[in-house]
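A.B. asks: Here you go, one structure.
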């Protein structure tokens with residue numbers, strides 16, 4: 001059993017021991033919100049946006065991008081569970097700004113082990129095996145942070161399965177300050 | 001300005017006013033963890049698993065499924081940011097258990113407005129327009145909760161871009177108790 005697993009199970013025991021009326025929460029989000037944001041470890045959407053359990057759908061992936069899978073989740077969120085206000089939140093110092101599709105494909109072709117980055121860029125440390133499967137994947141990297149927010153808001157708003165009445169707002173979360181700044 | 005937006009910005013002002021040394025957190029997750037779970041509003045992974053800002057990547061979508069996009073995120077998480085222990089967490093009373101691809105396609109073909117569910121199943125309330133685009137999408141619904149966890153753990157472990165040294169554990173979160181139960 002890993003140290004992480006021990007800690008997770010101990011924390012979960014504490015959390016569930018004082019679960020209170022959270023057992024009565026309904027499936028549809030009470031505040032009818034959905035937030036799409038990055039998987040980045042520094043971001044806690046419940047904390048930075050003030051969400052309690054039961055309030056909002058939270059969708060997260062590498063970059064907080066409006067991928068096909070994020071759109072799948074958002075459409076389910078509105079169509080079946082009634083959210084009607086959506087937020088896209090990218091953030092400063094995002095890992096998705098540090099590479100490009102060709103860089104990722106080269107790295108993964110060489111090795112599946114974790115790579116390292118320095119002033120010369122990404123470099124494989126581990127040895128093989130690698131895989132060319134990465135060539136088939138769009139990694140959804142970010143070249144310009146504000147533009148990536150605008151692109152994703154636009155992609156969501158213009159998707160044929162998205163109800164046009166849903167407001168979709170874009171924000172950048174600043175990892176240095178914890179503040180949300182709107183992107184227009 | 002929506003009531004939700006007012007509340008989000010007020011909560012964010014409070015959070016960032018007392019940001020402390022979180023401004024110094026590094027990009028790679030300190031505990032080298034990644035958790036894939038559902039977007040469900042009742043789930044707060046930071047709370048149910050005891051995660052602080054900076055500890056772990058959190059990937060969320062409808063169902064917590066090992067979609068192509070979740071795999072994209074997990075591969076970035078290990079290859080570039082060094083996580084080496086992954087958890088898949090589905091949950092009881094999941095919305096993904098309430099429908100099938102044909103149901104979702106019929107509903108969306110009829111209307112993009114939110115549908116309702118009762119003992120007779122899902123039903124459109126709103127009128128059109130709808131869209132046939134839903135026919136192109138695998139909605140990743142869940143017929144058997146424990147099996148969906150096993151399937152997703154297996155899909156991740158057997159993916160050609162996933163380093164075979166990474167342990168991937170599967171859990172079900174009980175929305176009535178807050179407890180995590182392992183799936184074997």
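Here the Cβ of each residue, glycine as well, is placed from N, Cα and C on the backbone.
What TrEMBL lists as Zn(2+) binding site is B:38, B:40, B:91, B:94.
What's the neighbourhood like for these features in this structure?
C.D. replies: Under the DSSP three-state reduction, residue B:38 (Zn(2+) binding site) is assigned to strand.
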A.B. asks: Applying an 8 Å Cβ threshold (strictly under) against chain A, tell me which of the binding-site residues B:38, B:40, B:91 fall inside, in sequence order.
C.D. replies: B:40
A.B. asks: Within 10 Å of its Cβ, which one of these binding-site residues (B:38, B:94) has the largest number of other Cβ atoms?
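C.D. replies: The residue with the densest Cβ neighbourhood is B:38.
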A.B. asks: Any same-chain residues 6+ apart from residue B:91 (Zn(2+) binding site) with CB under 8 Å of its CB? Would you list them in sequence order, or say none?
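C.D. replies: Set apart from residue B:91 (Zn(2+) binding site) by at least 6 residues yet with Cβ under 8 Å, we have B:37, B:38, B:40, B:42, B:43, B:64, B:172, B:173, B:174, B:175.
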